[in-house]
Structures are given as structure tokens and as C-alpha cells.
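Straight from TrEMBL, the features:
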TRANSMEM  9-27  transmembrane segment
DOMAIN    10-138  domain 'EamA'
TRANSMEM  33-53  transmembrane segment
TRANSMEM  65-86  transmembrane segment
TRANSMEM  92-112  transmembrane segment
TRANSMEM  124-143  transmembrane segment
TRANSMEM  149-169  transmembrane segment
DOMAIN    151-284  domain 'EamA'
TRANSMEM  181-203  transmembrane segment
TRANSMEM  209-231  transmembrane segment
TRANSMEM  243-263  transmembrane segment
TRANSMEM  275-293  transmembrane segment
Amino acid sequence: MSGRVFGQYVLLALTWGASFLFIKVGLEGLSPAQVVLGRLIAGAVVLFVASTVSRSPLPRQPIVWLHLLVVALLLCVEPFLLFAWAEQHISSGLASIYNATTPLMTMLVSLIALPSERPTRTRFAGLLAGFAGVTIVLGPWQGSGGGELGGQLACLAATACYGIAFVYLRRFVSPRGLAAIPVATVQVGVGAAIMVLLSPMIATGPITLTPSVVLCVLALGVLGTGLAYVWNTNVVAGWGATSASTVTYLTPLVGVALGVVVLGERISWNEPAGAVVVILGIALSQGRLAPLIHRLRSRRKRPATSHDWVI
């Protein structure tokens with residue numbers, strides 16, 4: 001295992017998990033749209049520099065730019081706005097838990113939209129378990145207020161956008177064999193341009209630029225939206241997409257821990273409990289639990305030997 005790749009994997013988990021803390025602090029001085037505007041501009045600058053340094057040319061075909069316009073809306077603008085709006089009403093830790101439903105949303109959309117994706121009993125079981133976990137996190141028996149419930153539903157809408165975007169990328173962009181960093185540069189750059197155009201209408205309101213607000217928005221853009229794409233590309237190249245995707249299991253742990261330790265957020269029992277069920281559902285739907293169950297069954301069936309009792 002490459003130490004460099006492992007280091008970037010850890011940085012990726014920490015950065016994506018901390019993104020919800022950065023959003024929460026950014027909202028102390030900015031509106032949700034202002035946070036997203038700063039995030040996308042900073043991320044676009046970092047990715048443009050990364051593309052230039054790596055000498056990776058940007059796509060030239062107009063059809064690719066059209067597809068990436070759709071991706072920019074679904075993967076950057078809409079979900080970023082939804083999460084930022086949601087964190088006005090819910091904790092950063094809870095938002096990070098909902099972000100972990102992205103693989104479930106992606107699988108659900110792919111089963112509907114991609115003929116090559118054949119449904120299996122394991123996938124259906126994983127999806128059912130995952131969405132049962134979402135229900136536990138929602139805690140409908142608690143009778144949440146309108147704002148809190150709206151924030152949670154906004155998070156689910158954001159991950160649904162992610163799911164649609166990933167399937168769209170797989171269907172229309174990935175078959176073209178384009179390098180990952182230039183693709184990310186275009187989609188984030190286009191997302192930033194869209195936010196600049198929309199800012200006179202939605203990025204309004206008073207601005208209070210304290211050092212913590214500025215640092216968190218810069219960290220959100222430079223790390224969470226810029227360098228994180230580069231790190232993820234390197235981890236996928238070094239470990240493969242399947243192993244790289246396990247970062248999904250770590251980001252909610254980081255997000256909840258930072259929310260509790262740094263912001264003093266309180267969590268209800270159902271939030272971590274539901275998160276565990278969601279993660280188990282993801283693992284089941286991706287076929288990660290089957291090998292473990294098989295090994296456990298094999299050990300139970302294997303007759304005991306004298307070596308089994310050595311401590």
C-alpha cells in the first residue's frame with residue numbers, strides 16, 4: 001500500500017467530513033448562496049492551477065461542455081445550495097450523516113436509468129436497509145419542527161442530485177475517456193460561473209467577514225472542492241474505485257465528531273444509530289458484507305483444532 005495514496009485517502013476523509021463544519025461556520029457571516037459562491041470560485045481556481053501544472057488540456061468538444069453544464073448544476077450548484085440552506089436549520093453533524101446516503105441515491109438512480117444495472121436481491125436488501133436507516137435518522141416519532149424537517153429533506157434532495165449527477169457522468173461523460181482533473185475543472189468552473197450570474201438575485205444579504213468565516217469558506221473551496229478532487233483522482237488511480245469509495249464510511253464519523261467537539265453540537269441517539277444502519281445498507285448493496293459473512297460461516301463450520309485454543 002502506497003503511503004502517499006493512504007495519506008491522501010486520510011486527507012480526503014478529513015476534508016469531506018469537515019466540509020459541513022466549514023459550511024456551518026461560514027453561515028455565521030454569509031448567506032447560503034454567498035457561501036456557495038465563495039466555495040466554487042476558490043475551488044475553480046485551485047482546479048485550474050492543478051490542470052495547468054499537470055498539463056492536462058480541458059475538453060474542447062462543445063457537446064462535452066454541454067454535458068458538464070448539466071453536471072455542474074446537479075453536482076455543484078444545486079446540492080451545495082441545498083446543504084448550505086439546510087445547515088441553517090440542522091447541525092453540521094446531521095448534515096454529514098445525510099451526505100452518506102449518496103451511494104444509496106446513486107444506486108437507486110442507476111437501477112432506474114441504466115439498463116446495464118441489473119437489480120439483485122442483495123442490492124434491494126441494501127437499499128431497503130439504507131432507507132430504513134434514513135427513517136431512523138429522520139426520527140418521525142419525535143415530531144420535528146418544520147424548519148428542522150425541511151433541512152433534513154433538503155439534505156436528501158442534495159444527495160439525490162449527487163446520485164443523478166454521478167449516473168449522468170457515467171452515461172454521457174465517462175465513456176469519452178477524459179482525464180478526471182480537467183473534467184472536474186470544467187464542472188466546478190462552470191458552477192462558479194453560474195453562481196456569479198445568479199449572485200445578484202440570490203447571493204444577497206449582509207456580509208460579516210470575520211477571520212473564522214473567511215478561513216472556513218476558503219478551506220471549503222480550496223480543500224473540499226479543489227484539492228479533494230485531485231486527491232480522490234489519485235486514490236482511485238492507486239487503489240481502484242471500489243476501495244476509494246470506502247471514504248464514504250468515514251466522512252460522517254469525522255463530520256459528527258467535529259460538530260460535537262468544535263461546535264458543541266448535541267446528537268440524539270437515533271442519529272448515530274440510523275447512520276450505522278445506512279452504512280450497513282451501503283456495504284450490503286455494494287457486496288462488501290457477503291465475503292465477511294462467508295468467512296464467519298466457514299469458521300463456524302470448521303472443526304476446532306488444538307491451535308484454536310492457544311492464547
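Cβ coordinates come from backbone N, Cα and C, glycine included.
In TrEMBL, annotation is done automatically, which means it is predicted and not curated.
Between the transmembrane segment (243-263) and the transmembrane segment (92-112) there are 3 or more Cβ pairs closer than 8 Å, counting only residues 6 or more apart in sequence, so the two stretches are in contact. Break the domain 'EamA' (10-138) down by DSSP state and the numbers are 102 helix, 0 strand, 27 coil. Between the transmembrane segment (65-86) and the listed ranges 9-27, 33-53, 149-169, 181-203, 209-231, the one holding the most Cβ pairs under 8 Å is 149-169. Residues of the same chain lying 6 or more positions beyond the ends of the transmembrane segment (209-231) and with a Cβ under 8 Å from any Cβ of it are 8-9, 11-12, 15-16, 18-19, 21-23, 25-26, 28-30, 35, 38-47, 50, 76, 180-181, 184, 188. It is 149-169 that, among the stretches 9-27, 33-53, 149-169, 181-203, forms the most Cβ pairs under 8 Å with the transmembrane segment (92-112). Non-local neighbours of the transmembrane segment (181-203) in the same chain are 31, 33-34, 36-37, 40-41, 43-44, 47-48, 50-51, 54, 56-59, 64-65, 68-69, 71-73, 75-77, 80, 173, 225-226, 229-230, 233; each lies 6+ residues outside the stretch with a CB under 8 Å from one of its CB atoms.
Taking Cβ pairs closer than 8 Å, the transmembrane segment (9-27) reaches residues 35, 38, 83-84, 87-88, 91-93, 95-96, 99, 212-213, 216-217, 219-220, 223-224, 227-228, 231-232, 235, 239, 244, 247, 250-255, 257-259, 262-263 in its own chain, all 6 or more past its ends. Residues of the same chain lying 6 or more positions beyond the ends of the transmembrane segment (33-53) and with a Cβ under 8 Å from any Cβ of it are 23, 26-27, 76-77, 80-81, 84, 181-182, 184-185, 188-189, 191-192, 195-196, 198-199, 202-205, 207, 217-218, 220-222, 224-227, 229-230. For the domain 'EamA' (151-284), the DSSP counts in helix, strand and coil order read 114 helix, 0 strand, 20 coil.
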